Amino acid sequence: MDNLQIATPEIFLLAATCAVLVVGLFVQAKSNTVYWLSQLTLVITLIMSLSQIGDDAVTGLSGAYTVDVLSASLKSWVLVIAIGIFLYSRDYVGNRKIARSEYFVLGLFAVAGMMIMVSATHMLSVYLGLELLALSQYAMVALHRDNGLASEAAMKYFVLGALASGMLLYGMSMIYGATGSLNLTVIGDVLAGNSETLSAERTIGARFGLTFLIVGLAFKLGAVPFHMWVPDVYEGAPTSVTMFISTAPKIAAFAMLVRLLVGGLETLSADWQQMLAILSALSMVVGNLIAIAQTNIKRMFAYSTISHVGFLLMGIVGATNEGYSASMFYAITYAFTTLAAFGVILAVSRAGFEADQLTDLSGLGKKNALLAGVMLLAMISLAGVPPAVGFYAKLSVLESAVGAGFTWLAILGVIMSVVGAFYYLRIIKIMFFDDPADDIEVNPAGDVTAGLAINGLAVIGLGLAPGLIMGACIAAFA
Amino acid sequence: MSFPILSLTIWLPILAGVLIIALGDRPARKLAGVASILTLLASLPLYFGFDSGTAEMQFQESLAWLPSFNINYALGVDGISMPLIILTTMINVIVVISAWQVIKDRPAMYLGAFSIMTGLMVGVFSSLDAMLFYIFFEATLIPMFLIIGIWGGPKRVYATVKFFLYTFLGSVFMLIALIYMYKQGGSFSILSLHDLPLNQDQQYWIFLAFLAAFAVKIPMWPVHTWLPDAHVEAPTAGSAVLAAVMLKMGGYGFLRFSLPITPDASAHMDTFMIVISLVAVVYIGFVALAQRDMKKLIAYSSISHMGFVTLGIFIAFRLIAKGDDAGVALGLEGAMIQMISHGFISAAMFLCVGVMYDRVHSREIADYGGVINTMPIFAAFMVFFAMANAGLPGTSGFVGEFMVILASFKTNFWIAFLASLTLILGAAYTLWMVKRVIMGPIGNDKVAALTDINSREFWMLALLAMMVLLIGVWPNVIGGVMHASVENLVQHISTSKY
């Protein structure tokens, strides 16, 4: 085992999580000890991750693990967003019959899984990270065990997730057969070699493997036509878990996509570009069109996520470094914008009342202008209206698609973003133009309000100064 | 770099708007009043310090903003954009006065939204970077969406969503065109886009993309249908700003983007553009004649007048083909003066309707009659603005229309003939409305109970009347600053790009 220290943040996180798990057994169900310990763990891990930014790329653990600019910055974002998730969901899990210490412990394990995915440069470590994340999420979806909808969602998630894992493993094994390695760097080198080292049959084998790999990835990302599980899982899961699933894991999924397709299989880019272009186009169209018909916020967000996955893929379709940084920017901004939106939904819900219907937000502008303002910013950002940060995310992926000659995809994208604007506007309309259905006050805890205010400021502030993240994203692929 | 007047004019109202919303309803009116006057004062040096002898961009500022995309925070004005900025800041003052007593529901948000929108609109007219322009152009949709949606009439949700989606759909095509040109030339600088070599196909596609954005915004027939809805449902000040300034973004876009970037495609498409402009002038004029709702009537009248603007712009290519450069400048300047003049007149008309609506709560023409008997001062203003809207000589409404008709005459008698129909139609629908609303015996008890305008309303209308009269008798007050820039534009669009 060489270079173990490059994984210090993950090792610390896992060790601390185990400690939190034990502590959780001894504290009272109502105490906030586990919550604070979890936040402390995340903050310390964040500091450790941040300290890795700027270092040269180091590969260790027999080539299975790499720390570079990409991994360090993505990990930091995952951790920042996880801190936000825990903050927003604290009262939600506290007020419901959810095993709250398990919620935080499973969340920490999922974060560890994401961090491993971000750094993995070996198919085994990619898979390891992915399954650690996925298994934690299956359990989190099922935390509401008395709720039939939640159990059903968890089953669906588990079965389809396992199917996707199977696809991934099958693709990986074929690529192993074709190239003789699971190490992504080695795979890249072998595929880049000339025809003498790689016979025609082996190239075909690698392409088959690639196809299965992409199917698996599309399942995990929720790209059309492998998206069937997304709406049901989003709707069935407790809202705090929906928030979890829809934010930070997108960043990890982006990392996995880049590590596999760019790190290992970039030589086959002519093959995967076409597949991703179709997945991207279908996801944008289907996601946006079906989202219009939804009355449940969580389902609406599920379809909206599908459409955003389409945009995310649009950046990668070009197979250029600027496209990858555009997608990275998209993943990060999408995650913290969605975090803000779900944060508001959680703040509006209370014990015995799930704010999961669109009408549950009616009159929020009158009840709590700050929350409504944050939601407004999140919505215009998701719709891609300047000056919110989501506009630059769309701009950069469109720019990379046009640059790579996929102008038709870019045009489809902008038309679909207008369709998307319709249902985001509807939320603004419900909050500001409709009268409140009741006069129950909406007053979340002070730290939650502060968190949401910061989150909303980030959505608009990073829109005014998008260079702050953009620079890091470009550096990651320089 | 000298003192950043443009940045001040953009950010002062935006920050003031945020502050107004943050501080709540109590100090909102006074704050908004102070902010709007300060913004107007901040913008005045643009006019008085303007060097009308040059076509160079003036008051320039430039900062690297998003270096990875070569997007700069680049500002500057020439004779085409500067008058529109002054118009914007003036209308903002009028808006605050008009809302002073009228808005009871959440005044801080209302005034804050208008203040923010003022800054964004100034940003539209002063951006020298295409992406910065796009950002301001789109961002104006958000406050307007909220203004119509929160303070609008009964069908406000339908109207505001339609408004947003129509204009958003139009401008995303522009976004793709901008990205495409950035990929070709490596820059978003508007001035360098002007010099970007483009072949015929590229020009056509880019022209159409821009057309989608600007035709919807201005709005041209047949993509105008969002406008009457938006106007009818918008609160008074919303209608005023929409007609006075937001529509001008479309006309400005044609002048700043379509013509110089795609001169050959514009020249090839000129017949098409002239025809749909004339349809707007004539057909929409007839539609206006049939309206029963005063706001709708003025909205259709706006579309008809904007048809004049596009006519003046695209007639230019006919005249270029004839080698009549003076005629080209006449048409373009006519279009620009028409935009400014319409800004004041339409704002005034909407505010007049607002004054009556505040008292009677109806915009139906049939609910009035004989208003002059109970509101003589108001009636004087209303008749004056109606005359200006009909293009009476001596008012600003005459100048632009006359110049455009004169330019049309130089190309084709029938174009000029059809365009001049607006003088008859415009007079018909405005005067007929005035006749039914203002003149005659008192129509009903509600009109009998009317009280004349107070001093706040008086000054609001008087300011606008002064501007309408000033431009009417001394058109050079705005025409003078335009010459050099227009000549430069003519030079540019008469040179083929390939």
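Cβ from N, Cα, C; glycine included.
Any TrEMBL annotation is an automated prediction that lacks curation.
If you check TrEMBL, you get these features:
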TRANSMEM  B:6-24  transmembrane segment
TRANSMEM  B:31-50  transmembrane segment
DOMAIN    B:68-121  domain 'NADH:ubiquinone oxidoreductase chain 4 N-terminal'
TRANSMEM  B:70-96  transmembrane segment
TRANSMEM  B:108-125  transmembrane segment
DOMAIN    B:128-422  domain 'NADH:quinone oxidoreductase/Mrp antiporter transmembrane'
TRANSMEM  B:131-151  transmembrane segment
TRANSMEM  B:163-182  transmembrane segment
TRANSMEM  B:202-220  transmembrane segment
TRANSMEM  B:297-320  transmembrane segment
TRANSMEM  B:340-358  transmembrane segment
TRANSMEM  B:370-392  transmembrane segment
TRANSMEM  B:412-432  transmembrane segment
TRANSMEM  B:458-478  transmembrane segment
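The transmembrane segment (B:412-432) and the transmembrane segment (B:131-151) are not in contact, since fewer than 3 Cβ pairs between them lie under 8 Å (pairs 6 or more apart in sequence). Counting same-chain residues at least six beyond the ends of the transmembrane segment (B:108-125), those with a Cβ under 8 angstroms from any Cβ of the stretch are 6, 9-14, 16-21, 23-25, 28-29, 31-32, 35-36, 39, 43, 77, 81-82, 84-85, 88-89, 91-92, 95-96, 99, 132-133, 135-137, 139-140, 143-144, 146-147, 150-151, 235, 237, 241, 245-246, 249, 252. Residues 31-32, 35-36, 38-39, 42-43, 46, 59, 61, 75-77, 85, 89, 92, 108-109, 111-120, 122-123, 126 of the same chain, all 6+ positions outside the transmembrane segment (B:6-24), place their C-beta atoms under 8 angstroms from a C-beta of that stretch. Long-range contacts of the transmembrane segment (B:70-96) within the same chain: residues 4, 6-7, 9-10, 13, 29, 32-33, 36-37, 39-40, 42-44, 46-47, 50, 52, 55-64, 111, 114-115, 118, 121-122, 125-129, 131-132, 182, 186-189, 237, 240-241, 244-245, 248, 252, 255-256, 336, 339-340, 343-344, 347, 351, 460, 463-464, 467, 478, 481-486, 488-489, each at least 6 residues beyond the stretch ends and with a Cβ under 8 Å from a Cβ of the stretch. Secondary structure by DSSP for the domain 'NADH:ubiquinone oxidoreductase chain 4 N-terminal' (B:68-121): 35 helix, 7 strand, 12 coil. Within the model, the domain 'NADH:ubiquinone oxidoreductase chain 4 N-terminal' (B:68-121) shows a mean pLDDT value of 89, rounded to a whole number.
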